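As recorded in TrEMBL, the features of this protein are as follows:
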COMPBIAS  1-14  compositional bias 'Basic and acidic residues'
DOMAIN    1-100  domain 'Glycoside-hydrolase family GH114 TIM-barrel'
REGION    1-21  region 'Disordered'
């Protein structure tokens, strides 16, 4: 992932959006990746992006927003309004409260 971030920076990108950063939620397909592993990995991604002066968005992993919103610059959710009657959208309020939404 570091090399991919370097590539993005070399191509004059100003931000990245790593997808599927909720692997711990995928049952038997998660290869033993725990919630704690995911949290640490996502924080690492954010730190590495910021070292390169890249903004980074959180896509997926809504369950860990309380622990991650301060590390990420913005969030993207394609379908929160369709999940659980739209209540998943409420999980993104920390990003709104910090003015991380335009």
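Note that Cβ sites are derived from N, Cα and C of the backbone, with glycine treated the same way.
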Counts by DSSP class (helix H/G/I, strand E/B, coil) across the domain 'Glycoside-hydrolase family GH114 TIM-barrel' (1-100): 57 helix, 10 strand, 33 coil
Average pLDDT across the domain 'Glycoside-hydrolase family GH114 TIM-barrel' (1-100), rounded to a whole number: 90
